[in-house]
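Listed in TrEMBL:
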DOMAIN    42-189  domain 'HhH-GPD'
BINDING   C191, C198, C201, C207  [4Fe-4S] cluster binding site
Amino acid sequence: MSKQLDYHAIRAIFERFRDAEPEPKGELEHVNAYTLVVAVALSAQATDAGVNKATRGLFAVADTPQKMLDLGIEGLTDHIKTIGLYRQKAKNVMKLSRILVDDYGGEVPNSRAALQSLPGVGRKTANVVLNMWWGMPAQAVDTHIFRVGNRTGICPGKDVIAVERAIEDHIPADFQNHAHHWLILHGRYTCKARKPLCKTCLIRDLCPYEDKNL
Ligand code: SF4
(Lines of atoms letter the chains of each structure in order from A and count residues from 1; the text may use other names and numbers.)
(Lines give C-alpha, C1' and ligand atoms only; values in the text may rest on other atoms or scores of the structure.)
Protein backbone atom coordinates (compact mmCIF):
# COMPACT_ATOMS: atom_id res chain seq x y z
CA MET A 1 0.00 0.00 0.00
CA SER A 2 1.43 3.42 -0.93
CA LYS A 3 1.01 6.18 1.59
CA GLN A 4 -1.62 8.86 1.14
CA LEU A 5 -0.66 11.36 -1.58
CA ASP A 6 -0.83 15.04 -0.71
CA TYR A 7 -3.37 17.53 -1.97
CA HIS A 8 -1.25 18.94 -4.80
CA ALA A 9 -0.40 15.54 -6.27
CA ILE A 10 -4.04 14.42 -6.16
CA ARG A 11 -5.22 17.65 -7.77
CA ALA A 12 -2.61 17.27 -10.53
CA ILE A 13 -3.67 13.65 -11.16
CA PHE A 14 -7.36 14.49 -11.49
CA GLU A 15 -6.61 17.46 -13.73
CA ARG A 16 -4.93 15.00 -16.08
CA PHE A 17 -7.82 12.53 -15.86
CA ARG A 18 -10.24 15.36 -16.60
CA ASP A 19 -8.19 16.68 -19.55
CA ALA A 20 -8.07 13.18 -21.05
CA GLU A 21 -11.77 12.40 -20.48
CA PRO A 22 -13.89 15.37 -19.34
CA GLU A 23 -17.17 13.41 -19.03
CA PRO A 24 -16.36 9.83 -18.06
CA LYS A 25 -19.34 7.50 -18.21
CA GLY A 26 -20.15 4.15 -16.69
CA GLU A 27 -20.32 1.32 -19.17
CA LEU A 28 -23.44 -0.47 -17.90
CA GLU A 29 -26.37 0.13 -20.24
CA HIS A 30 -29.67 1.26 -18.69
CA VAL A 31 -32.71 3.33 -19.62
CA ASN A 32 -33.95 4.47 -16.20
CA ALA A 33 -33.15 4.20 -12.49
CA TYR A 34 -34.79 0.78 -12.23
CA THR A 35 -32.84 -0.77 -15.08
CA LEU A 36 -29.66 0.70 -13.62
CA VAL A 37 -30.36 -1.00 -10.28
CA VAL A 38 -30.97 -4.30 -12.09
CA ALA A 39 -27.88 -3.94 -14.28
CA VAL A 40 -25.63 -3.19 -11.31
CA ALA A 41 -27.13 -6.05 -9.29
CA LEU A 42 -26.45 -8.41 -12.23
CA SER A 43 -22.88 -7.16 -12.64
CA ALA A 44 -21.42 -8.66 -9.45
CA GLN A 45 -18.56 -10.95 -10.52
CA ALA A 46 -19.43 -10.39 -14.19
CA THR A 47 -18.14 -7.99 -16.83
CA ASP A 48 -20.12 -4.93 -17.90
CA ALA A 49 -19.92 -6.14 -21.51
CA GLY A 50 -21.42 -9.52 -20.56
CA VAL A 51 -24.23 -7.86 -18.59
CA ASN A 52 -25.00 -5.44 -21.44
CA LYS A 53 -25.31 -8.30 -23.89
CA ALA A 54 -27.96 -9.94 -21.70
CA THR A 55 -29.84 -6.82 -20.62
CA ARG A 56 -30.38 -5.37 -24.11
CA GLY A 57 -33.05 -7.96 -24.79
CA LEU A 58 -34.30 -8.01 -21.20
CA PHE A 59 -34.84 -4.27 -20.87
CA ALA A 60 -36.64 -4.17 -24.22
CA VAL A 61 -39.42 -6.20 -22.58
CA ALA A 62 -39.02 -5.36 -18.88
CA ASP A 63 -37.90 -1.83 -18.03
CA THR A 64 -40.13 -1.38 -14.94
CA PRO A 65 -40.61 -3.48 -11.80
CA GLN A 66 -44.17 -4.38 -12.81
CA LYS A 67 -43.09 -5.55 -16.26
CA MET A 68 -40.37 -7.65 -14.61
CA LEU A 69 -42.98 -9.28 -12.37
CA ASP A 70 -45.15 -9.89 -15.42
CA LEU A 71 -42.20 -11.48 -17.24
CA GLY A 72 -41.73 -13.87 -14.31
CA ILE A 73 -38.63 -15.60 -13.02
CA GLU A 74 -38.43 -18.07 -15.90
CA GLY A 75 -38.61 -15.34 -18.51
CA LEU A 76 -35.98 -13.36 -16.63
CA THR A 77 -33.72 -16.39 -16.24
CA ASP A 78 -33.86 -17.03 -19.98
CA HIS A 79 -32.38 -13.58 -20.62
CA ILE A 80 -29.62 -13.68 -18.03
CA LYS A 81 -28.35 -17.24 -17.98
CA THR A 82 -25.06 -16.22 -19.61
CA ILE A 83 -24.25 -14.21 -16.48
CA GLY A 84 -22.47 -15.79 -13.49
CA LEU A 85 -24.61 -16.59 -10.43
CA TYR A 86 -27.72 -15.96 -12.52
CA ARG A 87 -30.09 -18.10 -10.47
CA GLN A 88 -29.49 -16.16 -7.25
CA LYS A 89 -29.46 -12.87 -9.15
CA ALA A 90 -32.80 -13.70 -10.81
CA LYS A 91 -34.36 -14.39 -7.41
CA ASN A 92 -33.08 -11.08 -6.07
CA VAL A 93 -34.34 -9.12 -9.07
CA MET A 94 -37.82 -10.61 -8.67
CA LYS A 95 -37.85 -9.91 -4.93
CA LEU A 96 -36.64 -6.34 -5.28
CA SER A 97 -39.16 -5.70 -8.08
CA ARG A 98 -41.96 -6.90 -5.81
CA ILE A 99 -40.78 -4.57 -3.01
CA LEU A 100 -40.54 -1.61 -5.40
CA VAL A 101 -44.12 -2.19 -6.59
CA ASP A 102 -45.58 -2.84 -3.13
CA ASP A 103 -43.66 -0.31 -1.03
CA TYR A 104 -42.42 2.41 -3.37
CA GLY A 105 -45.18 2.78 -5.98
CA GLY A 106 -42.93 1.23 -8.65
CA GLU A 107 -40.25 3.91 -8.17
CA VAL A 108 -36.66 3.44 -7.08
CA PRO A 109 -35.94 5.08 -3.69
CA ASN A 110 -32.87 7.29 -3.62
CA SER A 111 -31.33 7.10 -0.20
CA ARG A 112 -28.44 4.75 0.44
CA ALA A 113 -30.29 3.03 3.30
CA ALA A 114 -33.46 2.42 1.28
CA LEU A 115 -31.47 1.12 -1.69
CA GLN A 116 -29.41 -1.16 0.55
CA SER A 117 -32.57 -2.63 2.05
CA LEU A 118 -33.39 -4.17 -1.36
CA PRO A 119 -32.37 -7.82 -1.92
CA GLY A 120 -29.05 -8.13 -3.73
CA VAL A 121 -28.24 -4.44 -3.32
CA GLY A 122 -25.17 -3.74 -1.21
CA ARG A 123 -23.37 -0.51 -0.43
CA LYS A 124 -21.41 -0.62 -3.68
CA THR A 125 -24.52 -1.04 -5.84
CA ALA A 126 -26.33 1.69 -3.91
CA ASN A 127 -23.41 4.06 -4.42
CA VAL A 128 -23.29 3.34 -8.17
CA VAL A 129 -26.99 4.17 -8.49
CA LEU A 130 -26.72 7.31 -6.35
CA ASN A 131 -23.75 8.49 -8.40
CA MET A 132 -24.80 7.53 -11.92
CA TRP A 133 -28.48 8.32 -11.73
CA TRP A 134 -28.71 11.02 -9.08
CA GLY A 135 -25.34 12.71 -9.54
CA MET A 136 -24.51 12.31 -5.86
CA PRO A 137 -20.76 12.14 -5.09
CA ALA A 138 -21.14 8.60 -3.77
CA GLN A 139 -18.06 6.45 -4.21
CA ALA A 140 -18.60 2.82 -5.17
CA VAL A 141 -15.33 1.04 -4.51
CA ASP A 142 -14.84 -1.98 -6.74
CA THR A 143 -11.78 -4.14 -7.26
CA HIS A 144 -10.25 -1.64 -9.75
CA ILE A 145 -10.63 1.36 -7.46
CA PHE A 146 -9.33 -0.59 -4.48
CA ARG A 147 -6.19 -1.57 -6.42
CA VAL A 148 -5.57 1.85 -7.99
CA GLY A 149 -6.20 3.67 -4.71
CA ASN A 150 -3.66 1.57 -2.87
CA ARG A 151 -1.00 1.46 -5.58
CA THR A 152 -1.03 5.17 -6.29
CA GLY A 153 -1.77 6.51 -2.83
CA ILE A 154 -4.71 8.51 -4.20
CA CYS A 155 -7.04 6.78 -1.74
CA PRO A 156 -5.27 4.00 0.15
CA GLY A 157 -7.13 1.86 2.67
CA LYS A 158 -7.12 -1.64 4.10
CA ASP A 159 -10.73 -2.33 3.09
CA VAL A 160 -13.34 -0.86 0.73
CA ILE A 161 -14.89 1.36 3.39
CA ALA A 162 -11.50 2.87 4.22
CA VAL A 163 -10.89 3.53 0.51
CA GLU A 164 -14.36 5.08 0.15
CA ARG A 165 -13.60 7.38 3.10
CA ALA A 166 -10.18 8.30 1.66
CA ILE A 167 -11.83 9.31 -1.65
CA GLU A 168 -14.33 11.50 0.20
CA ASP A 169 -11.65 13.02 2.41
CA HIS A 170 -8.85 13.61 -0.08
CA ILE A 171 -10.26 14.16 -3.56
CA PRO A 172 -11.10 17.84 -4.14
CA ALA A 173 -14.78 18.75 -4.44
CA ASP A 174 -14.66 19.59 -8.15
CA PHE A 175 -13.56 16.02 -8.95
CA GLN A 176 -15.84 14.14 -6.55
CA ASN A 177 -18.69 13.47 -8.96
CA HIS A 178 -16.57 11.81 -11.62
CA ALA A 179 -13.87 10.35 -9.33
CA HIS A 180 -15.51 6.93 -9.35
CA HIS A 181 -15.50 6.63 -13.14
CA TRP A 182 -12.04 8.08 -13.66
CA LEU A 183 -10.57 5.63 -11.16
CA ILE A 184 -12.47 2.62 -12.57
CA LEU A 185 -11.47 3.41 -16.15
CA HIS A 186 -7.87 3.99 -15.11
CA GLY A 187 -7.82 0.62 -13.34
CA ARG A 188 -9.62 -1.25 -16.08
CA TYR A 189 -7.55 -0.02 -19.01
CA THR A 190 -4.20 1.25 -17.65
CA CYS A 191 -3.41 0.32 -14.06
CA LYS A 192 -4.40 -3.31 -14.64
CA ALA A 193 -4.09 -5.96 -11.95
CA ARG A 194 -1.30 -7.80 -13.72
CA LYS A 195 1.09 -5.90 -15.97
CA PRO A 196 -0.10 -2.33 -15.47
CA LEU A 197 0.68 -0.13 -18.48
CA CYS A 198 3.08 2.12 -16.58
CA LYS A 199 5.11 3.06 -19.66
CA THR A 200 2.18 4.92 -21.17
CA CYS A 201 0.41 5.91 -17.96
CA LEU A 202 -0.50 9.58 -17.86
CA ILE A 203 0.19 9.89 -14.12
CA ARG A 204 3.42 7.89 -14.06
CA ASP A 205 5.57 10.76 -12.75
CA LEU A 206 3.13 11.35 -9.87
CA CYS A 207 2.65 7.68 -8.93
CA PRO A 208 4.82 6.35 -6.08
CA TYR A 209 4.14 2.64 -6.77
CA GLU A 210 7.42 0.81 -6.31
CA ASP A 211 6.80 -2.11 -8.68
CA LYS A 212 6.03 -0.16 -11.83
CA ASN A 213 6.03 -2.19 -15.04
CA LEU A 214 8.68 -0.20 -16.96
S1 SF4 B 1 2.39 4.32 -13.15
FE2 SF4 B 1 1.75 2.16 -13.22
S3 SF4 B 1 1.19 1.66 -11.12
FE4 SF4 B 1 1.22 3.90 -11.27
S5 SF4 B 1 -0.88 4.47 -11.79
FE6 SF4 B 1 0.23 4.28 -13.70
S7 SF4 B 1 -0.18 2.18 -14.38
FE8 SF4 B 1 -0.68 2.28 -12.18
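For all residues, glycine too, the Cβ spot is worked out from N, Cα and C.
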Assigned element (helix, strand, coil) containing C191 ([4Fe-4S] cluster binding site), judged by DSSP: coil
Field: Additional residues surrounding [4Fe-4S] cluster, by Cβ distance to the C191, C198, C201, C207 centre under 8 Å
entry: R151, T152, T190, P196, L197, I203, R204, Y209, K212, N213
Task: Show which residues of the chain containing C198 ([4Fe-4S] cluster binding site), separated from it by at least 6 in sequence, have their CB under 8 Å from its CB.
output: R204, C207, Y209, K212, N213, L214
Nonlocal residues around C201 ([4Fe-4S] cluster binding site), in sequence order (Cβ under 8 Å, 6 or more apart): T190, C191, C207
